[in-house]
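The annotation Mg(2+) binding site is assigned in TrEMBL to Asn123, Asp136. Residues or ranges marked as compositional bias 'Acidic residues' by TrEMBL: 283-292. The domain 'Protein kinase' feature in TrEMBL is assigned to 1-257. Among the features that TrEMBL reports, region 'Disordered' is placed at 267-307.
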Amino acid sequence: AKGVVKDEPETRVAIKTVNESASMRERIEFLNEASVMKEFNCHHVVRLLGVVSQGQPTLVIMELMTRGDLKSYLRSLRPKEQQWSSLSLPPLKKMLQMAGQIADGMAYLNANKFVHRDLAARNCMVAEDFTVKIGDFGMTRDIYETDYYRKGGKGLLPVRWMSPESLKDGVFTTTSDVWSFGVVLWEIATLAEQPYQGLSNEQVLRFVMEGGLLEKPQNCPDMLFELMRMCWQYNPKMRPSFVEIISSLKDELEPAFREVSFFYSADNKPPDTITEENKPPDTEELDMEVENMENPSSGCTGGTPPP
């Protein structure tokens with residue numbers, strides 16, 4: 001596309017549009033997400049470059065992420081053989097870069113009082129240089145429909161990535177985003193297996209609300225699993241913030257991270273005092289109700305009840 005980015009004669013872009021079969025509610029959500037995204041300016045959040053609203057369908061012009069979504073990218077790394085070895089996983093250093101980049105994008109969103117509510121590998125995007133960015137705010141649901149559970153016309157919920165309090169009360173905060181981040185780390189360490197494989201969505205809902213946790217993936221480095229467990233504290237107040245997560249990883253991150261990250265920018269103000277300017281984001285609530293789900297598939301996970 002020409003003239004999309006100032007001072008750039010030509011820019012490679014991605015064009016997003018709402019599915020033809022989408023309901024009016026889903027079309028409105030699509031436009032709302034685009035409206036929110038155009039305000040973001042962070043290296044680790046996919047850039048929205050413009051919206052074409054004249055005519056139908058509405059088009060959203062976004063930064064092109066040539067390697068696609070993180071879920072597809074991780075699955076492309078799987079060996080063809082059935083038996084996996086520790087060599088199958090990306091090196092720990094690479095997995096920690098991904099973790100730091102995703103956490104940085106989320107720290108930026110948190111600082112801008114934005115609760116994501118749907119953080120998952122399918123909603124992170126991979127650039128040509130393998131940088132991982134937060135993107136596609138709800139725009140991948142038609143591709144990964146099975147990752148969601150529809151509640152009587154009230155929208156789709158990603159139950160396998162949701163925290164106990166979100167499942168129980170329909171409340172979403174930055175601390176529930178941290179829980180979801182832990183599940184994304186688990187996806188990275190399993191090359192995008194389905195969380196809680198072997199349990200139906202309804203079983204996952206009950207399992208997590210009762211304190212059940214995902215097990216340590218095969219060959220997962222201890223350091224990565226410890227970070228997951230920190231994110232999965234049953235008490236939301238015990239979970240680290242995204243800034244604290246980056247602080248714990250910063251010695252492992254590449255020098256380029258310092259140059260482009262929100263974490264090292266002047267915009268990342270230390271939360272010494274809670275003021276109107278830097279108070280935590282407001283919570284968002286959804287009505288919750290339990291329905292029958294699909295039948296469980298093979299495999300299972302273990303869990304530990306809360307103290």
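The backbone N, Cα and C atoms fix where each Cβ goes, and this holds for glycine too.
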>> I'd like to know the mean pLDDT over the domain 'Protein kinase' (1-257).
In response: 87
>> Check the DSSP secondary structure of Asn123 (Mg(2+) binding site), expressed as helix, strand or coil.
In response: helix
